[in-house]
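These notes are about the structure you will find just below.
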Amino acid sequence: MDKSKALEAALSQIERSFGKGSIMKLGAKDSVVEIETVSTGSLGLDIALGIGGLPKGRIIEIYGPESSGKTTLALQTIAEAQKKGGICGFVDAEHALDPVYARKLGVDLENLLISQPDTGEQALEITDTLVRSGAIDILVIDSVAALVPRAEIEGEMGDSLPGMQARLMSQALRKLTASISKSNCMVIFINQIRMKIGVMFGSPETTTGGNALKFYASVRLDIRRIGSVKEREEVVGNQTRVKVVKNKMAPPFKQVEFDIMYGEGVSKTGELIDLGVKAGIVEKSGAWFSYNSQRLGQGRENAKLFLRENPELLREIETALRQNAGLIADRFLENGGPESDGDEAADM
């Protein structure tokens with residue numbers, strides 16, 4: 001009994017000092033908050049993440065080689081949030097955002113806040129101010145590699161300033177992490193890959209900006225281009241693989257494959273075919289795809305074309321997939337993602 005009285009006294013003192021709700025039992029009914037998520041624009045990736053999308057109030061890192069689809073994935077997430085009335089911001093440290101492409105992905109440019117800062121300190125100060133406002137749902141920083149410290153910009157070309165960017169990121173994340181959680185704002189950091197020199201064993205790849213982001217991120221996505229999508233001889237898109245390298249919300253290390261079409265973003269038709277086959281909703285016999293005894297086409301690209309021309313059927317398959325999402329998730333995650341019909345795509 002002495003322990004329980006001492007605990008009650010300590011809890012009441014904490015609540016008097018820091019306010020009601022500053023400490024509570026995790027299982028208490030009023031303390032458990034459902035995690036809000038935002039879709040990535042890819043149903044397969046939403047399933048692989050285990051919670052139906054990317055979590056709000058958390059730090060997300062998307063990294064990969066050049067032209068792998070990092071910014072596309074971030075912009076699609078912004079478009080999905082805007083569809084639900086969310087306010088989004090984009091800190092364009094690379095000064096390379098293409099508004100025409102963003103609009104094609106479904107981003108509402110009139111309601112997208114954009115900043116093109118001069119230095120890393122300015123970018124992170126803007127990020128901190130927007131997060132603390134509590135009015136932003138998603139904030140994208142593109143990219144960590146472009147967050148150049150002021151001292152480096154003002155210095156001479158060739159000056160050696162080791163660890164300065166890592167210290168900048170570490171300090172910023174220490175400040176940001178609490179306000180991100182309180183404001184329920186999702187902050188997506190896009191990052192690039194560098195090679196470590198002299199690595200004999202293991203992967204020589206690393207991300208820029210030091211180790212702080214790896215620790216603070218709740219979800220880390222590794223996105224890679226694994227092939228091309230062709231129509232006859234013309235390349236019209238990339239086959240992309242995303243691996244959930246870190247996930248604090250659900251089991252990690254799941255991976256998913258989908259097509260990113262040039263000027264369109266993630267190919268929902270191709271992805272729904274892959275997921276439908278995996279779940280047994282779409283039948284595949286040889287090269288033919290069919291749904292409810294109706295033939296969709298011979299080869300994956302022809303099936304995609306048929307579904308694009310028949311949006312009602314596409315919606316029907318998507319609804320069936322969403323209704324069976326739990327069953328799909330189990331089978332899908334066990335097998336590590338939808339099968340890639342790269343050979344068929346290349347033959348079309």
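Quick reminder: no glycine exception, Cβ is built from N, Cα and C everywhere.
The ATP binding site annotation in Swiss-Prot covers Gly64, Pro65, Glu66, Ser67, Ser68, Gly69, Lys70, Thr71.
Spatially close to Ser68 (ATP binding site) yet at least six residues away along the chain are Ile223, Arg224, Arg225, Asn238, Thr240, judged by Cβ distances under 8 angstroms. Taking the mean position of the Cβ atoms of Gly64, Pro65, Glu66, Ser67, Ser68, Gly69, Lys70, Thr71 as the ATP site, the remaining same-chain residues with a Cβ inside 8 Å of that point are Ile223, Arg225. Looking only at other Cβ atoms within 10 Å, the busiest spot among the binding-site residues Ser67, Thr71 turns out to be Thr71.
Same-chain residues at least 6 positions away in sequence with a Cβ under 8 Å from that of Lys70 (ATP binding site) are, in sequence order, Ile62, Tyr63, Gly64, Asp142, Ser143, Ile190, Asn191, Ile223. The Cβ neighbour count for Pro65 (ATP binding site), using a 10 Å radius and every protein chain shown, is 14.
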